[in-house]
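Colleague: First the structure, which I've put down as C-alpha cells, then a few questions once you've had a look.
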C-alpha cells in the first residue's frame, strides 16, 4: 500500500491537531494527522505527520512550500515510508547515537 504522508517540521508547541487538519485539508482528504508528544512532559515535539488519501494531495501540499501554523513558517517534506519496528510511524535517522552519563570510573 502506498504511503501518502508528509512531515511538518518546526511546528509551534501550541498548534493542535485540529489546526493542522484545518490548514492542510484544502489540499485533499486527510486520513490521519498526528502530533508526537513527549511521553513524560506530554509537550508537543514540534512536528506533525499528515496522511492523505492520494498522491495529488501530497504533491499540492509540498508544492506550496512552507506553511504558516501558529504564526510561524513550518517546513513540509515527504515523510519517509519506512516504519520504525512496525510502529507504523516513519523512522527518523539520526546518523549517530549519543549517550551521556553512565557508570565507568
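The count begins at 1 with the first shown residue.
The backbone N, Cα and C atoms fix where each Cβ goes, glycine too.
Sharing the features that TrEMBL gives for it:
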DOMAIN    4-81  domain 'RRM'
REGION    80-105  region 'Disordered'
Colleague: Under DSSP, the domain 'RRM' (4-81) has how many residues in helix, strand and coil?
Modeller: 20 helix, 28 strand, 30 coil
Colleague: Would you mind giving the whole-number mean pLDDT across the domain 'RRM' (4-81)?
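Modeller: The average pLDDT of the model in the domain 'RRM' (4-81) works out to 96.
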